[in-house]
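What TrEMBL records for 26-47, 82-102, 114-131, 143-163, 175-195, 207-226, 291-311, 326-349, 356-375, 387-411, 423-446, 452-473 is transmembrane segment. What TrEMBL lists as domain 'Major facilitator superfamily (MFS) profile' is 34-477.
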Amino acid sequence: MDKPQKEILADHKMSDSGKNSEKQPVTACLLSAAFFGALGSSFIYGYNLSVVNAPALYIKAFYNKTWIERYGEPIAAETATLLWSITVSIFAIGGLLGALSVSSIIRVLGRKGTLLLNNSFAIIAALLLSLGEKAKSFEMLIIGRFIIGVDSGIALSVLPMYLGEITPRHIRGSIGQFNSILICLGVFTGQVLGLPELLGQESRWNYLFSFLALPATLQLCVLPFLPESPRYLLMERRNEAGAERAFQRFLGKKDVSQELEEVHAEARAQDNLHSASVLQLLKTPAVRWQLITIIITMACYQLCGLNAIWYYTNGILREAGFAENILPYITLSTGAIETLAAIISGLVIERIGRKPLLIFGFSAMAVFFSLLTVFLNFQDSVSWMPYLSYICILAVIASFCSGPGGIPFVLTGELFEQSYRPAAFMIAGTVNWLSNFAVGLLFPFIQEKLQSFAFLVFVVVCILGSIYLYLVLPETKNKTFIDISQSFSKINKIPVSSPGHEMELVLSIKPDMNGKVKHVAKMESSF
């Protein structure tokens, strides 16, 4: 290396060390993108997880009434059960279809454009679900649940991708946790609005579904005025001017040359700047263990037993002696604990790291599921045992939301470089929704065979997940996407870049406006 190049590198390293010590403040633009992006996406998903619980009896009565009006006889018990099962489970089928379509849509519309398009699904679903009763069509409710499932499948893939690409690396985990926080807030909102004093009445249950249009409309009003992902603009659209403006707005500063240069360096490090297909991703040795890690983490996200916990909640509360009419109010504590744990996780994730929170969450779930199994077996013999069982349920929920409830989505965005990211989210989303469907389908049979010992299945899943993460997952906090990829080089048996190749990334030659050659150094930026 000649002397001028050495001086350039030395100057930039000195300036970088000073700049890295002063963390950029979070801008209103970045917070708005995180909040309104999650409000019209993950909030709607969380809301739909809980919204059908309160009006379930009224919806079944509507199905029966409509059947009598059409065919002149009450609906058979088997048919009623089948229709209700379809209404509930078709949400996951829609989610799977949405996840499978993400890669194609974002290639055309980008991250922000896909989020905006997705609002149309939420509004159409809200209309179908809320007008089904007036139209005397239970088919409208089933189709509406399917469409809102498609909306959720797209949202859970695109939103974490967008948040991960617009956020400085020192707060990437915290901003990424907006996804988890708004999911929990959506669940809690569905529980609150479903109370009998609000919309959980026979004459008002359809308004529970009308509410879906509100967060979608709010996102439609705000998101168009916020920038697209600068990484998408620069690496996939080759729009450097647009990427520079996006960085300036998200970071709140004029000089974003460091951030642009890091993205250029990442682009030069990739063999293919175009989005890779799922098949290409599966065949690439350099991302093999990243893919295995995401598949296992996302499977554990669904198979760790949180969805099954709701099956026991009301029964345990009844055993504790709580009156039936106050059960909905006590159940609110589960949604409140979820939201609180997710917020705390978002606040500490950049201090503690992703890996410790994930391992702690799954390990704590294994402990509390084991205790819950013991308490359930003594529930009939000791009067105060149901209270301990309910405390265990709350502890399981808090453990899940402390890490496993949101970090898998953050990791999917962090473990893959730009060209592989859409395909990775498509695979992660597919695993997520298939696992969700499997739990809903199989848990009733597992519970019937094993009774209260059914939770031991989830203990095994949580322990195996913790062991795998401890052995394989590197810590990703405050690392660039290139650094994270290189963390997997050894296990993927890919040689780490040679010093000569590193220098090629560090120092590139670009012509300036006057046609002269100038050296541009790679700087350690905030991205």
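Any Cβ shown, glycine's included, is placed from N, Cα and C.
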Give me the stretch from 175-195, 387-411, 423-446 with the greatest number of Cβ pairs under 8 Å to the transmembrane segment (291-311). 423-446
Residues sitting near the transmembrane segment (423-446): Cβ under 8 Å, six or more positions beyond its termini, same chain? 88-89, 92-93, 95-96, 98-100, 102-103, 153, 156-158, 160-161, 275-278, 280-281, 287, 290-291, 294-295, 298-299, 301-303, 307-308, 311, 408-409, 412-413, 415-416, 454, 457
Hey, which bits of the same chain come close to the transmembrane segment (356-375), Cβ under 8 Å, at least six residues off its ends? 297, 300, 304-306, 345, 348-349, 385-386, 388-389, 392-393, 395-396, 399-405, 407-408, 452-453, 455-456, 458-459, 462-463, 465-466, 469-470, 473
Of the listed stretches 82-102, 143-163, 175-195, 207-226, 452-473, which one has the most C-beta pairs under 8 A with the transmembrane segment (326-349)? 175-195
So which residues does the transmembrane segment (387-411) touch in its own chain, when a touch means Cβ under 8 Å and the partner is 6 or more beyond its ends? 156, 160, 164, 172-173, 176-177, 179-181, 183-184, 293-294, 297-298, 300-301, 304-306, 309, 312-313, 316-317, 319-320, 333-334, 337-342, 344-346, 349, 354, 357-362, 364-365, 368-369, 371-372, 375-376, 379, 428, 473, 476
To what whole number does the mean pLDDT across the domain 'Major facilitator superfamily (MFS) profile' (34-477) round? 89
